[in-house]
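Everything below concerns the one structure shown next.
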Amino acid sequence: MSSGGPGSDTEESQDRPFSRASERDEPEEEESEDEEEEEEEDDNQAQACGSNSGNAQNQSSSRHEHGERTPASGVCDSIFSWIWKRSVRRGPYVDPSRDNFRTMTSLYGSMNPASDSVNLNTQTHGAVFNLEYSPDGSVLTVACEQTEVLLFDPVSSKHIKTLVEAHEDCVNNIRFLDNRLFATCSDDTTIALWDLRNLSGKVCSLHGHASWVKNIEYDTHTRLLVTSGFDGNVITWDTNRFTEDGCPHKKFFHTRYLMRMRLTPDCSRMLISTSSGYLLILHDLDLTQSLEVGSYRILRARRTPLSTDGSPSSSRSVGVPRHGNDSSKLHPHREGMSPRNSLEVLTPEVPGEKERGNCITSLQLHPKGWATLLRCSSNTDDQEWTCVYEFQEEEPQRHSVLPRCSLRLTHYIEEANVGRGYIKELCFSPDGRLICSPYGYGVRLLAFDGRCGELTDCLPTRTALLREVRSVYSHSDVVLTSKFSPTHCQLASGCLSGRVALYQPHF
């Protein structure tokens, strides 16, 4: 198959081989005395926790129980319970490394395949196209090439259920709406809703796309399901009024060559990547409106230029701390600001491709909404990069028609480019400090600096290389997708031959 515009015969599935002939460091800072004292205190606490649980061998033998949340007042019987106690009541994001870089770097640096992950073998179900954990981390769902969805217990690695013939074609993406409801989409052009409490059949099937459906997002504020497909359409579905026959829907947006669509965590922006190298950003998102073709104003259509040293020619001041992600304060709707659903069109540059086009194949967002993560391939499909672009907030100007933000390339790294034609899905860790990137027959963990620091704490003045924390090769075929658990210190990856591997720290 060869790629082309959405809905055309030359269009290409995310999960099948295709040809795109026409498509498309900073040194470590010295720790302050306060940091050293704090880390020394944290290390002492960790050692105390280890002594309560016995020797190091006992810690190793109890690692499979790391998903259990022990009471805060109980005995600290493992390193995981200690980390959990340090992260409780710290906000909506799992951020156990907020106080101790060394511990988390050591944990993630010791990631290895779990000994029993071999049980998660899906070879009879085809390639693994997508992995998704439930919000509470109790279920791992697997989207398979051959029409089925598998469910596993990620702690015990035991198979829970197989949704036989969940769709009539490849299952591409899975999205949880809450801890029990989840949605799947397929090349059969449909979306299906499922309930973990009763998996004997679908809750309902949603019909509205004219081509392969590749992506699902969910707005928790309006309870609108948002899907995108290779017909170029972004469709919203009102799950407040779903029945066995479906739920009301409408076309929200349309663009050619659509590849992926994502919502920022606060649902204030929608990002859309295309096979022609463009990245579309809808600002001040209002999903209740319907944007017909030609009804929206393109506010900016430009490249994000790089200077000769590889850094963007225009950049904001570096090192300004950000606390939280309250976009209601950043984007109040008042006179003099851009209208809702303002469209920004960018062509993100990548090193080595300054003069040539590229294809944006994978699109993810930082869990705190600070940056976007792109997997880009060259126009000739002979190179791949993972790139991080920071959202730059600009001071709103009265009666300005320009958007309030643009993207700045902060970090990048070249990828192995193994398995040409297949899209590799990257992911952020729940705290946003690490990136997991499919890398040939394995995965590698990437960080913004050598201490797994927050992005806002290590923004470079010039574009910098991502730091490799660890590489693990545990598959016999090209890895296509990866996902961090939202609650456990665990990582999952799936490959072309259908095997799912689980990774956890080994002591």
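Don't overthink the numbers, they just go from 1 along the chain as shown.
Cβ atoms are placed via backbone N, Cα and C, with glycine included.
Noted in TrEMBL for the protein shown:
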| type | residues | note |
| --- | --- | --- |
| COMPBIAS | 13-24 | compositional bias 'Basic and acidic residues' |
| COMPBIAS | 25-44 | compositional bias 'Acidic residues' |
| COMPBIAS | 50-61 | compositional bias 'Low complexity' |
| COMPBIAS | 310-322 | compositional bias 'Low complexity' |
| COMPBIAS | 323-337 | compositional bias 'Basic and acidic residues' |
| REGION | 1-72 | region 'Disordered' |
| REGION | 305-342 | region 'Disordered' |
| REPEAT | 164-198 | repeat 'WD' |
| REPEAT | 206-238 | repeat 'WD' |
Can you name the far-off residues of the same chain, 6+ from the ends of the repeat 'WD' (206-238), with a Cβ under 8 Å from a Cβ of it?
5-7, 11, 13-14, 169-170, 172-177, 183-187, 189-193, 246-263, 267, 270, 272, 287-288
Based on DSSP, tally up the residues of the repeat 'WD' (206-238) by helix, strand and coil.
0 helix, 21 strand, 12 coil
Reported in the order helix, strand, coil, what are the DSSP residue counts of the repeat 'WD' (164-198)?
0 helix, 19 strand, 16 coil
